[in-house]
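Engineer: Below you'll find the structure I mean.
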Amino acid sequence: LLALAWLGLALGGEGEDGEVVVEEEGDEALSDELGEEDGVLVLHEHNFARALSEHRLLLVEFYAPWCGHCQRLAPAFAQAAATLRNESSLVRLGKVDATAQAALASEFGVTSYPTLKLFRDGNRTQPLAYTGRMDTEGIVRWMQRRAGPSATLLQDTDTAAAFISSQDLVVVGFFKDLQGQAAQAFYEVAGEVVDVPFGVAEAAELFQAYGLSADTVCLFKKFDDGRTDFPVDPAQGLDVAELTQLLRVHSLELVIEFTNETSAQIFGVKIPHHMLLFLNKSSPVQLALRDGFRAAAGAFRGKVLFVVVDVTGHGADVLPFFAMTPADAPTLRLVKMENNRKYRMDQDTFSEEAIRTFVQAVLDGKVKPHLLSAEPPEGWDTGPVKVLVGKTFEQVAFDETKNVFVKFYAPWCSHCQAMAATWEELGERYKDHEDIVIAELDATANELEDITINGFPTLHYFPAGPGRKMIEYKSTRDVETFSKFLENGGTLPEEPPAVPKTPENSTGSEEPSLLGTAKSRDEL
């Protein structure tokens, strides 16, 4: 649920103040022997080169023991290792504790956990970033595409027909020259889009059978229009990124229902806007509203993804993040994925024309977002830390007589929870200052028109005076540093340079610090 981009949430991080401390390797002697845990190679600085030399395809997970995502991935990663080992002697999976193996983490640019990289044919300098799903099936499919041919060669009409009918969704590339640049780009796409079978055809009879005269990529599907063609531009060739996105967009149904099975597709396709129809599927009257919704969808394919959300089914869990209950159905919302802005359509207009007009108006910037706001809690402005909501934010933060320091938080965020006592202490310290206000706002329940919060906690300082200025605080999160920041008018005073304590005859230099250079994937 927390992975849903509609919610504007990211998965909570694991570590003090969101920092990852890369620890130095222990003193214990390590050999180049390749040990295993649950079928996964345990790698470190001393055996990494050996692992690369002995395994043609090696997928390595760089993890942190404290990282929640890494802990959840571990059983799926081990199961994938077992499956792949049974299928092929070419493929192995390994793992590196990046907090203990600082040199390896630095060498491979590990900045989040877990990070997965594929090493091929012992090449240490150009590993391939893993782009598949973080589950057993996703890992297995991704590696299978790289261990064998990424596309099946279709040699005649019978094999082509059997291949196309074998799945609900298949991709076939028709190329006059399978050694040409377009075909090679197609194979590259096939290596990335692992959830769909790929075939390739060169025979003239197949071009004729499918009504083609030039190089074309065809997406065959057992829904919607049945087939979508993407002709190859003779001058520009085949663009890998463009074709990948086109296939992902057209692989989805024109209108898709939000379920546990489809959520990864919905958020993985990266369509910039989502139009949501919330309805109760047990109501025939509400189900009939899908007709107008579907009719409006075709004009916006690739720009807006149309999604049906059953408020009594899988969609019930997302209702609180729209400040809705099942009783609010049927209703429509458009979400701009870039900043999680939500736009509300009139409740009594569900016709094709009304929906199309509304969506186009949002795309044209003619509709204001629908901003959520909780009700101000009783005594919200009487404590050391003022509890702001959407309705009260403007009057407090932009009070020209006050310097206001606001913490934007999420109730579930572990970093925010760890920082709560510090923020309360800061509030106590400044509760009697006439011109300084310490405040906080639950950014999951309140939305602001001109401020987008991309991480938790986020700290913003709003100085007194005209101009509606805002300064983001990005330094150490402790009471003393906060106080220096506030006392210095929203900046930290410059510290005098440290004098190195080295012997007079020494020319020793400082090692670059690795502290705080990596952040967990779950940190905002």
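Any Cβ shown, glycine's included, is placed from N, Cα and C.
Not my notes, these are from TrEMBL:
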type	residues	note
DISULFID	C67-C70	disulfide bond
DISULFID	C413-C416	disulfide bond
DOMAIN	23-148	domain 'Thioredoxin'
DOMAIN	348-491	domain 'Thioredoxin'
REGION	487-524	region 'Disordered'
SIGNAL	1-15	signal peptide
Engineer: Where C416 (disulfide bond) and C70 (disulfide bond) are concerned, what is their Cα separation in Å, rounded?
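Structural biologist: The separation of the Cα atoms works out to 21 Å.
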Engineer: Between C413 (disulfide bond) and C67 (disulfide bond), how far is it from one CA atom to the other, in Å?
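Structural biologist: Counting only the Cα atoms, the answer is 14 Å.
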Engineer: In sequence order, which same-chain residues at least six apart have a C-beta under 8 angstroms from C70 (disulfide bond)?
Structural biologist: E61, Y63, A64, Y113, P114
Engineer: Just counting, how many other CB atoms are there within 10 A of the CB of C413 (disulfide bond)?
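Structural biologist: The answer is 24 other Cβ atoms.
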Engineer: Quick one: DSSP breakdown of the domain 'Thioredoxin' (348-491) into helix, strand and coil?
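Structural biologist: Split into helix, strand and coil, the domain 'Thioredoxin' (348-491) gives 46 helix, 25 strand, 73 coil.
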Engineer: From the DSSP assignment alone, can you count helix, strand and coil residues within the domain 'Thioredoxin' (23-148)?
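Structural biologist: Tallied per class, the domain 'Thioredoxin' (23-148) gives 45 helix, 29 strand, 52 coil.
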